[in-house]
Amino acid sequence: MESGSPVPALPPDGPAAPPATPSASSDRTRDALHVFYAVIFSATFLLGTAGNGLVIWVSGFRMTRTVNGVWYLHLAVADFAFCLFLPLAAAQAALGFHWPFGRPLCKVYNSLGGLNLFASVFLLTLISADRCVCVLRPVWAQRRRSPGRAALAGVGAWLLALALSVPQFLFRDTDGEGEHVHCYNNFDPWNETRGDEELRWELEKTRMVAVAVTRLVLGFVLPLVTIGACYALVLVQLARKGELRGTGRPLRVLVAVVSAFFLCWLPVHVASALQLVAYVRGSQALFAAVGVVGPLGVCLICVNSCLDPVLYAFLGQDFREHLLRSLPASLERALAEESDRTPLTGSSSGSGPPKLEIHHL
């Protein structure tokens, strides 16, 4: 992958790309990939902002506030923020990964990728732990769980994610001029090495390893182990009570969302680890492997950012039913300016449709 990475969320950790051998066929392949990425980013922007915006609207404004609703509202906000900046990625890809938007947007745009990763995975860990507590300690959970406390926990997850995204903001930089500006990782942004190439190499390597390992451990491995342990405890408890067959749609939705997240982000973490080793060892073979795994990660990250609303719609019956009720009711309110009664809801036009108590998504 190039220093002007096609990966909108997690760019390469190394400050430079491996040297490539130019050829007519490779140029055609590269141009085709640029078009492909631009299409993927544009489609994800349209589907992701619409789908996640709908989830935000329904879970945040249409449904009675519940703990599950708060969790999924936070997840939708994370994906919506990620998708909102994808037009920059589409334009960058269409321009051959030339970055015309300046240094500040380079920093903000790439930091959002790290923020989306950490916020999403921390929220999924909280949701899994919450589900585990509900199954293992139902009486305690009934007394202690509340939408307000869930919202506070969600804010804590966002703050931690923001702190872990700071290195991406600090180290992201632009290089070049004219039509060849790249948005890349500069691990010596304050020129601490004073032109000493050997010292610069050691500093870059140390910081690159620190960023990559932190992201891999805190953004993937540790949450995966924690979530796996939560589900193992849930399954053991349900099996002990003989209730495995009775596991309902809420658990299926959660398992689907968590599985989709880790499967979609796995190639990016693999590519990041391979690139780290390739950069340290100077291995062209590993750089070639990154070139294969990286594009897969690009596509899957984009798919993941707009996949959750689809999962809610297909697996969450309550969410689907409430969404279908909300759309015609809102349209009717917008059209019925003077009417005192509305035929669809049977309520006054100013009061809106009656809200349902949605306990599960």
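Numbering starts at 1 and runs along the chain as it is shown here.
Cβ atoms here come from the backbone N, Cα and C positions, even for glycine.
The compositional bias 'Pro residues' feature in TrEMBL is assigned to 8-21.
TrEMBL lists 51-312 with the feature domain 'G-protein coupled receptors family 1 profile'.
The region 'Disordered' annotation in TrEMBL covers 1-26 (among others).
For 337-361 (among others), the entry in TrEMBL reads region 'Disordered'.
The transmembrane segment annotation in TrEMBL covers 35-58 (among others).
TrEMBL lists 70-91 (among others) with the feature transmembrane segment.
Positions annotated as transmembrane segment by TrEMBL: 111-129 (among others).
The transmembrane segment annotation in TrEMBL covers 150-171 (among others).
Here TrEMBL flags 216-239 (among others) as transmembrane segment. Using a Cβ-Cβ cut-off under 8 Å and counting only residues 6 or more beyond its ends in the same chain, the transmembrane segment (216-239) has close neighbours at 117-118, 121-122, 124-125, 128-129, 131-132, 135-136, 164, 246-247, 251, 255, 258, 262, 265-266, 269, 272-273.
Marked as transmembrane segment by TrEMBL: 251-274 (among others).
Annotation source TrEMBL lists transmembrane segment at 286-315 (among others).
Model confidence over the domain 'G-protein coupled receptors family 1 profile' (51-312) is summarised by a mean pLDDT of 87. Within the chain, the transmembrane segment (35-58) has long-range Cβ neighbours (under 8 A, six or more residues past its boundaries) at 6, 8, 72-73, 76-77, 79-80, 82-84, 86-87, 89-91, 93-94, 298-299, 302-303, 305-306, 308-310, 312, 319, 322-323, 326.
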